[in-house]
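Asker: When I checked TrEMBL for this same protein, it listed these features:
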type	residues	note
DOMAIN	1-412	domain 'Lipoxygenase'
BINDING	H148, H153, H328	Fe cation binding site
Amino acid sequence: MFLERVHDSWKNDALFGYQFLNGANPMLLRRSSRLPARLVLPPGMEDLKTQLEKELQARSLFEVDFSLLDGVKPNVIIFKPQYVAAPLVMLKLQPDGRLLPMVIQLQPPRYGCPPPLLFLPSDPPMAWLLAKTWVRSSDFQLHQLQSHLLRGHLIAEVIAVATMRSLPSLHPIYKLLIPHFRYTMAINTLARSRLVSEGGIFDLVVSTGSGGHVDILQRATACLTYRSLCPPDDLADRGLLGVKSSLYGQDAIRLWGIISRYVEGMVGLFYKSDQAVKDDLELQAWCREMTETGLQMAQDRGFPISLESRAQLCHFVTMCIFTCTGQHASNHLGQLDWYSWIPNGPCTMRKPPPISKDVTEKDIVDSLPNLHQAHMQKTVTDFLGRRQPVMVRSKCPGPGKEVAQRRGSILG
C-alpha cells in the first residue's frame, strides 16, 4: 500500500519534495523568478547564495511560502499551548524530475530581531528532520483550510447556491451543472457543524483551531483569484507547465481539456452566437450572483460579472465543473495515505519551532501530536479520504497505471 511507502520514506528529501508536486496539497509550489525577499542569508552563507542563484538562472529553483500562516494565533488544547510557524522552503528540480529541498526558514524575519535560523540538508539529521516536520505540519494546515475546504467545498457551495437561485431547472447550464452538486450542501453543513465549528475537530486537535482557522480562511479568500481556479492559467502562473514530474499538473490539464470539450459541445447546442449569450438575462444574473454575492465582490480578482461570449461562458462553466470534481478530488482523496503516518503531516505541534540545531529525537517526539491528537487525526482523515459508495471508477487503465508506475519510480 502507498501509505506503507510513506511510512518507510517520510524522512527522505525526495519524498518531502515530491509531495509539493503530487501530494495531498500540490497547490503551493511555484517556480522562483527571484530570491524571495523574506529569505535572509546571514554572513557565512555565500556558498548557499551562489547555489540558489545558479538554480535560479537555470530556472530549476522553486519555492513554497507559508506566509499565510504568519501571525495566526495558535490554539490552546486542554490548557496547553500549541504552535504555528510560517515556513519558506527553497527547492531545486533535478534533471531526473526529483524536487529536493535546499533550505528551510521556519519564520519570517522580524524587525529588531536576529535573522531567522536557516536549516540545510547538511545540518545534523535530527535538526533537518524537525525542520521538515514543521513544514509538513504547516502544509497540513493550508491543505485542509485553503486547498480543500475553501477551494473545494466552499467554492462549490458558492457555485451551487448561485445556480439554484438564479437558473431555472430547465436552463441548459443548470442541467449541465446540477449533477456535480450532489451532496455538496450536506457535506458542507456537516463540516460547519463538526469540523470548523466552535468545539469542533479543529478546536480539539489542530494547532490553527479556536479562531486561527477562521483567520486563515479569510486571508485565503482575499487572495483567491479566478486564474488560480483554472489549471492552464494556474500552472502557467506557478511555472509548472512542462514539468514532467508534476503528475498533478499533467492530469489537471488533461481533465480540464476533457471537460472543456464537453462543455463547448453542450453550449454550442443552445447558444448559436455570442449575442445569444449576452441576451440570456438568467445566465448574466447567475454570473453576477456568483461574483458579487457569493464571492463578495471578487471582480477585482478576475472573476467576471457578465459573460460576453460563448468562449467566455465555456471557460467559466469548465471552471465550475473542474472545481467541483477533479480539483476537489485531487485534494480530498488520498489523505489517509499521506497523513496516516502522523509525522508526515502533524495536525499540531506541541513545542515551539527550534531556535538552535541542537535537536534530539526526544525533541521531535515531544513536538508531535500526542496519542489522543494522533488518533483523532487518523480517524478524521480516514473519514475525509474515504471513497464514496456512489463513486464510479475509471475503466481506462492507461493514465492511472502510468501515474502509479511513475509514482513508484520516483519513490524507489
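Cβ atoms are placed via backbone N, Cα and C, with glycine included.
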Asker: Around H148 (Fe cation binding site), which residues of its chain at least 6 apart sit with Cβ under 8 Å of its Cβ?
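Answerer: Spatial neighbours, sequence-distant, of H148 (Fe cation binding site): N25, H328, N331, H332, L384.
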Asker: Inside 8 A of the center formed by the CB atoms of H148, H153, H328, which other residues of the chain have their CB, for the recorded Fe cation site?
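Answerer: Those within range, site residues removed, are S147, L149, L150, R151, G152, L154, A156, N331, H332.
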Asker: Using a 10 Å radius around its CB, how many other CB atoms surround H153 (Fe cation binding site)?
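Answerer: A 10 Å sphere around the Cβ of H153 (Fe cation binding site) contains 19 other Cβ atoms.
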Asker: Mind giving me a neighbour count for H328 (Fe cation binding site)? Other Cβ atoms within 10 Å of its Cβ, every protein chain shown.
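Answerer: That number is 20.
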